[in-house]
Amino acid sequence: MNQADFDVETLLARLENSLREELARRRLDDPAMIGVHTGGAWIAEVLHRRLGLSEPLGYLDISFYRDDYPQSGMNPDVRASKLPFRVDGRNIVLIDDVLYTGRTVRAALNEIFDYGRPAEIVLGVLIDRNGRQIPIQADCIGGRVELEPGRRIKLTGPEPLQLTMRAGGR
Amino acid sequence: MSVTAAADIQLTASGRLRHFLTIEGLSRELLTRIMDTAESFAGVTAQNVKKVPLLRGKTVVNLFFENSTRTRTTFELAAKRLSADVLNINIATSATSKGESLLDTIRNLEAMHVDMFVVRHAQSGAAHFIARHVAPHISVLNAGDGRHAHPTQAMLDVFTIRRAKGGFAGLKVAIVGDILHSRVARSEIWALNTLGVDEVRVVAPKTLLPAHVEALGVVPYHDLNEGLRDVDVVIMLRLQLERMGSAFIPSEHEYFQRFGLTEKRLEKARPDVIVMHPGPINRGIEIDSAIADGPRSVILQQVTHGIAVRMAVMSMAMHAGPDLEVPV
């Protein structure tokens, strides 16, 4: 991935196109979109507007569903999850910023199923990077990047949305 | 128990909640974080499955040496909504009544690999005592000790105030009734002053106010009409008839005449005043039914908020280990 690929606008446009194709291919009309706090929510807000979805955007804070809670304790910046629509039978587009270990998506799926039984879920991420620890893959991606173990890529925002690389940590 | 000693035992070296024993010595930031976390848990009731897996596999022991229905059931529901297993131990009918010491009871429960004690005891300092002696992985939450403290009740009260009023700056709060016997009042006074309300008043007959109550940072009133003037929040306390002999008040009837909350008296307060009560209420003794059931009453919201606040405190105290860097 070269420097140009770090342009968030380019990645967003690719993700948007990929989502349009995937939704059309699977004939998922009128889906509901959910963004994962915090970076995924910023991305979802943009995509929700551009795709012209009618249902209000949903937000998930997966802090209560994380599997590393025994090691890391309570996230001090936990926010309320808000799904302002019925999940039962819905087609859902789940959006996160960076797909890395897969654990966040696992937690998000568990939380969604505690709200109801969705029909289909499409996973869209801005960046797909190496380092998966559980078998979860995105349906739609903005771009891919190979990073050395320990290197992190992080979305900052919401104005402006920027991707930065750094070593380790959260 | 001095402020520093209480704070020392409640917090980890990095300032995280390990036990929750008293509001005394806790910072405004920590109290705010508890309320913010409770706000998130309040949303869990919107789920089909009203549970989150945070404390899956953990065992919470409700250790109640004193009767309680509301506090014990809301602690139990809070633990269950966090997916913990809950053990309710009614001490009145258990081994302590056969002569087993408190520490022996604790050691036996520790041997069953439990993770958290929720303690209510008639003796002030009981929860501190247990916290000082439990195994390092166990958290102790105070669910009311003697006349000393009832910190989760105070937190659900300030959470209710924040939800109704949006914040604490500029608020005048009157706490009315049996201040002398009330652990709730003591914890509320600490919480309200830490969160920066404009003024905390205590309104009671002289016999039901502790000596030197001003030292707690409150303004004492002995006349309810005066004490209610321009307040934003009224917290009524239960007259603890079971804790007092006949010497404290002339009669329940006369108490209601002088200190009972009625519509007419409430006119002295601000028009958007909210009325709170930790329950159980003595209708017609400290509060008129028309007020308790009326539009300004938030008494049942307090009960609902009690669950979210207790979920917040439980989840924050459990695993208060050092922060580790983990990949998301």
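Quick reminder: no glycine exception, Cβ is built from N, Cα and C everywhere.
The following features are taken from Swiss-Prot:
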- B:R70, B:T71, B:R120, B:H150, B:Q153, B:G279, B:P280: carbamoyl phosphate binding site (BINDING)
- B:K98, B:R183, B:R238: L-aspartate binding site (BINDING)
Query = For carbamoyl phosphate, with binders B:R70, B:T71, B:R120, B:H150, B:Q153, B:G279, B:P280, what's the maximum Cα separation in whole Å?
reply = 16
Note = By the 10 Å Cβ-neighbour count, the most surrounded of the binding-site residues B:R70, B:H150, B:R183 is B:H150
Note = Once DSSP output is merged into helix, strand and coil, B:R70 (carbamoyl phosphate binding site) belongs to helix
Task = Sorry to bug you, but what's the C-alpha spacing from B:R183 (L-aspartate binding site) to B:R120 (carbamoyl phosphate binding site), rounded to the closest Å?
result = 12
Task = May I have the list of same-chain residues other than B:R70, B:T71, B:R120, B:H150, B:Q153, B:G279, B:P280 whose Cβ is within 8 Å of the Cβ centroid of the recorded carbamoyl phosphate site, in sequence order?
result = B:S68, B:A143, B:G144, B:V184, B:P278
Note = One residue among the binding-site residues B:T71, B:Q153 has the fewest other C-beta atoms within 10 A of its C-beta, namely B:T71
Query = What's the most sparsely packed of the binding-site residues B:G279, B:P280, counting other C-beta atoms within 10 A?
reply = B:P280
Request  = Tell me, if you would, which residue among B:R120, B:R238 (binding-site residues) has the fewest other CB atoms within 10 Å in the structure shown?
outcome  = B:R238
Note = In three-state DSSP terms, B:Q153 (carbamoyl phosphate binding site) is classed as helix
From B:R70, B:T71, B:H150, B:G279, B:P280: binding-site residues whose CA lies within 10 A of B:R183 (L-aspartate binding site) = B:H150
Ask   = How big is the Cα-to-Cα gap, in Å, between B:R238 (L-aspartate binding site) and B:G279 (carbamoyl phosphate binding site)?
value = 7
DSSP-derived class (H/G/I helix, E/B strand, else coil) of B:G279 (carbamoyl phosphate binding site) = coil
Inquiry  = Helix, strand or coil for B:R183 (L-aspartate binding site)? Use DSSP.
reply    = helix
Query = Which state, by DSSP, holds B:R238 (L-aspartate binding site): helix, strand or coil?
reply = coil
